[in-house]
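For reference, TrEMBL has these:
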DOMAIN    1-110  domain 'Thioredoxin'
SITE      Asp27  site 'Deprotonates C-terminal active site Cys'
ACT_SITE  Cys33  active site, nucleophile
DISULFID  Cys33-Cys36  disulfide bond
SITE      Ala34  site 'Contributes to redox potential value'
SITE      Pro35  site 'Contributes to redox potential value'
ACT_SITE  Cys36  active site, nucleophile
Amino acid sequence: MNDKVIHAGDADFDSTVLQSSEPVLVDFWAPWCAPCKMIGPVVDQLADEYEGRAKMVKVDVQAFPNLGIRYNVRSIPMLLLFKNGQIQASQMGAPGNIKAVLNQMIEKAL
């Protein structure tokens, strides 16, 4: 696990994500989700690559279901890119080119 990836929940989501001055990629996941486990290392890499320019945040929807409901997460993995507290882009699922897709989402928000 990468210590640059922030694990957020109900208590700190707004301050960590919505009030961030940097773009924030939020990975909605659950421990039992196999495709989520494939995306985890990609999010870790992105945290290293974008350190100081964008944040990577994970939300366990099993532990924090209200956040999943709040953002209409009906399937996981679901990745949302926030900038200035607003959703800028989203990606559902884990396509083979997920890193390229997420890089493009983040670069557009920088």
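Cβ atoms here come from the backbone N, Cα and C positions, even for glycine.
Since this is a predicted model, take the numbers as computed values, not measurements.
Taking the C-alpha positions, the distance from Cys36 (disulfide bond) to Asp27 (site 'Deprotonates C-terminal active site Cys') comes to 9 Å. On the 0 to 100 pLDDT scale, the model's mean across the domain 'Thioredoxin' (1-110) is 96. A distance of 12 Å separates the Cα atom of Pro35 (site 'Contributes to redox potential value') from that of Asp27 (site 'Deprotonates C-terminal active site Cys'). With the fewest other Cβ atoms inside 10 Å of its Cβ, the least crowded of the recorded positions Cys33, Ala34, Cys36 in this structure is Ala34.
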